[in-house]
Amino acid sequence: MANRNIKKWRPDMQGKMEMKNCLRILVVLMLCVCFLFPSIVWAESKRLIVELEDAPLARWGSQNPGLMSKGRLNFEQAETRNYLSAIEARQDKVLSSMRRTVSGLRMATFRDEENRMREHRYSVLFNGFTVESNGEDADSLMERLKKVPGVKAVYPVRTYELSMYKSLDLINAPALWEDPLIGGRLKAGKGIRVASMDTGVHRDAPMFDPTGFSYPADYPDGGLGLKANNNGKIIASRVYYRPGDPPAAGDMDPWPGPEGDSHGVHTAGTAVGNPVQADVLGDSFKISGVAPGAWVMSYKVFYQSMEGLSTFENPEGIAALEDMVKDGADVVNCSWGDGPFSTGGDYDPLDTALLNAWRAGLFVVMSAGNSGPYKGTTDHPSEEYISVAASTTGGSIAGGSLSIAGPSPVPEEYLKLEAGISDYGNVPSLGSSSRYFFKTAASVAPDNVNACEPFEGRPFEGLATVVKRGGCNFDDKVLNAYRAGADFVVIYNNKGDDIFDLSCYMEDCDEIAAFAVFTGESHGKSLERWYDLHNEQSELIFNFTPFQLGNSPDEVADFSSRGPGVGYTLKPDIMAPGVNILSQGYGPLAAGEEKHLGFGQNSGTSMAAPHIAGAAAVLKQRHPLWSNKDIKSSLMSTAKFMDIYTHDGNPAQPLDMGAGRVDLTKALDPGVILDPPSLGFGIVENKGEKTLSLSLRSILPEEKTYHVSTIYTGDGFDAIRPLDDFHVEPLSVTLPAFGRASINVRFKGQGYVGDHQGYVLLESDTHRVHFPVWARVQEARGSGKKVLLLDMDGSSFDENFEDYRGYYINALNALEKTYDVLDINPDSENMQLPEAAILAAYEAVMLFSGDNNKETLVGGDLDRLMEYVNDGGFVISMGQNMFSSVLNDSSSLYSRFKVTVISESITEGNLPDLPVIASENVPPAFRGIFLDLKDGGDGAANQRNMDEFSEGILRYPGRTSAGNGYLMQVSKDMLTLEKPAVIHPGILVASALGLEGINNDTGAMSREIFLRGIFNWAFDTRDITIKDISADYENHMEMSRFEVEYSSDTEGVEPVSFRWDMGDESDFQGPYESPMIGFVYEKCGPYTLRAEVVNSFGNHTIGSLDVNITRCLDKEEQPVPKPSSGSSSGCFIRELVSGF
């Protein structure tokens, strides 16, 4: 998919107290600096997702086999209905408490397919609801809601983006169809319900023709949802529209409207589309989905909104998943994501719903993402569901061709260069030829070869131009070129020679009159070379005559996201064709709804995932008693992993493609089921070792002996060898008929720092399966130099830039921080940073930009920094133009910084004449910040182009160009009583001011003290101990008393507030200034107490204590059970005494 313009979600207590002797009260010789997190930026009304403590139905039911029927939750059982009723009653109680706490709080709603407003309440896959407030600050509202009894966590809303003709033969789908129990192509998937969570499915599309289909026996006539879109092939049609951002005119229905996207019909066609003869630009092809006999269910979460968005948010996503489980779906295809930001699982609401859907029997297929080709970019990291990478196919259709036309003579290699076409602008007539003189963007503006910025004047007036992919959306490139006078735009790939067709998704599409095409990297560079030789005499011809290409199959697509997943899971799991997939929708040159009814190509892991969804449907049909784990194992263990290459010609490895490219030849009969079907060892310190086990279950009626070995293909498929550091035992396993066994794989990290990966083979006389293994070896953080300093001021490569390195190394020397320096060339197109495994040894990576305003780090470098952050690393980014140019605002790292730049010069190009100070409502240690950036001191006097942020913890108090003068943000995910897990690893400081601009000699805070404060905040090590001091108070026999002892390794840091979880399901107590608490329990017995301490840095620390309470109102000892899955305890009467 082309990139889209989307709205991103972004992801104080005071008091002075007397401390006990165990607290370190030290004289503060330097100012301790602490920072607040950036507040959340809301996409519409202030919506928050509330999760309650009890398990949702799917999680509870999956632990009770009697509640499952054919691998799915049975909603008809009385026990199931009773549990749902209990959850609803508990939700009502919590919601009532919230409404008493927060005036004006209301349940959030969405509009469904029948134009009804439905409440955002969840009970099947996620226990909770979504609420919205009528204006309260989001941060304070979250804090208030977290304290309500029964609440597990409160989350902000997140935004998600949409991430066969030859492909079916490539994956050997006919081998599945020809199985006697399948009965041929038309019956493949018969009786299986495949859900599409996408942009909607269109009943009039030929691939969803209802001939030969009827509704399931347990469905009403006309199916579920809006019956107007159901036809017997389509059996459910539901929509999920945000009230605050309703659909644009014409897109109100469950099918995609005139301005809607064909994404849903295309992916559903690939998974389950009927066999059809597809006419494309004058040619004809026979195509079908992988499981054309299956039903399709449409859950439209993506739509063209009145604000011009085509994204969905997690409240609607959870609602859709709950509906499809209730509707009896067997498989769901999810071709969407939001990037490598979350570790998944608990405390990620949508991922929690996906995991519980899997446990409820729904086979969940996720696209891996389109952020490749560098490591650590894959989406959806949880191990249970299956995530899918994308590969090339054996053939595709080029929309037309480019040829150099002059000056003569023109060598043959410059003729008929294949190109994809766009569906906007002045589209030429089919079969026509258009001739243009052309000029390259590189010749006009070397710093704007990507055309991501407006050009000065109209340098392309009446011409064609050639621009490079990368840095921004395709739409923006074409618009900038058109506004500079271009009539025709050639975009060339920057990651290989794959070609794609282009669509426009931004608000300014109607303005564009230029026609655009997309060609391969080698062709684009040929055009640039020709222009460099011939300048204004250069001419090209575009011939709009489509033709078939013989693609090289089995190459990992350059855009396909790579592993590992956040949290170091081995992802992706498997690969399927995803380049130029021909299916329903995206009809070239068609307009309105006709484009959904025609046939066209599209590329992305979005197109790869439905191949796996269709294959899973056929396996479910053939093996109705197989679990989701069995199907996943079968698909992965029989995939093709030999003779598959990356886009740059290297043998593909597990982090590229998981188990390999799906091959359905043996998937029906793998012989053995593997659990798990891959082994990810995660991080192993150098010289360390780790052992993991994998279980084997035979599905054969006779005994089989499997020989076990390892294989490494990274040296070439003609030079395979055993893996160096992975050792398996035993080397031979005999499985009796339907028997079980296990094998151990031991990894010893004695080799190089980096990724170790390959495959383990199990071979018998009749069957051959495999599974991928991976481990990353790295040095312990801080084991070498402490800081990697990235000098991005460009002074070593451009004499127009000043050298500011000395300011940074002098400050690091003063702090006694050891460091390495890496000089970054702002004009290099190559990666310059070391791999994330090497970065991991540094406790901090520090970037500074000086006066450099060039786009400096290429995508792979930014992805390596993102990996470092996701491993818990600390990135300090300082300097002018950093976030508008140097870090590239289209990168995932930029999004991870949660920075919104509202102005590229906070002082409108002038030198600051006032000091930079702390923002309002910051923690105590931060309030004395005072930085002098004026001329006349020993600083560089260069801070004229500091970016202005929408929010921050430092601000410039003078007149600013756009907002409130914010110029520094930070991010550090910390534990709280409500959230005892870190979901977003890593620490980030984003400063629009450079250290070099600070004056040391004018009486304000120095560079060294400021930087020391940043490091102290980041690495402040805290420890708390909870003590039972009840015995010290014999006069109060019913009251228990506890005290927190706190310590910090940072001078001058004191605790400022204390909160308590007494372990009895009562309200959290506090915040209090005192470290002591007195509490009366109703029942005696064992409890686990927890305390949360916030210090003057704003850093949080959690401690716990297991106690046996003997002082209580009810003297008869009665142990209080710990809440477990599906259990609910009542609230007790209590009294509180605090402040001793």
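In case you wondered, yes, glycine gets a Cβ from its N, Cα and C as well.
Going by TrEMBL, these are the annotated features:
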ACT_SITE  D198  active site, charge relay system
ACT_SITE  H263  active site, charge relay system
ACT_SITE  S606  active site, charge relay system
DOMAIN    1054-1110  domain 'PKD'
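Over the domain 'PKD' (1054-1110) the predicted model carries a mean pLDDT of 94. Break the domain 'PKD' (1054-1110) down by DSSP state and the numbers are 0 helix, 39 strand, 18 coil. Annotation for D198 (active site, charge relay system): same-chain Cβ neighbours under 8 Å, separated by at least 6 residues, are L162, H263, G264, T267, A268, S298, Y299, K300, V301, F302, N333, S335, W336.
Around S606 (active site, charge relay system), taking its Cβ as the centre, 28 other Cβ atoms fall within 10 Å, counting all chains.
When other Cβ atoms within 10 Å of the Cβ of H263 (active site, charge relay system) are tallied across all protein chains shown, the result is 28. S606 (active site, charge relay system) falls within a helix when secondary structure is assigned with DSSP.
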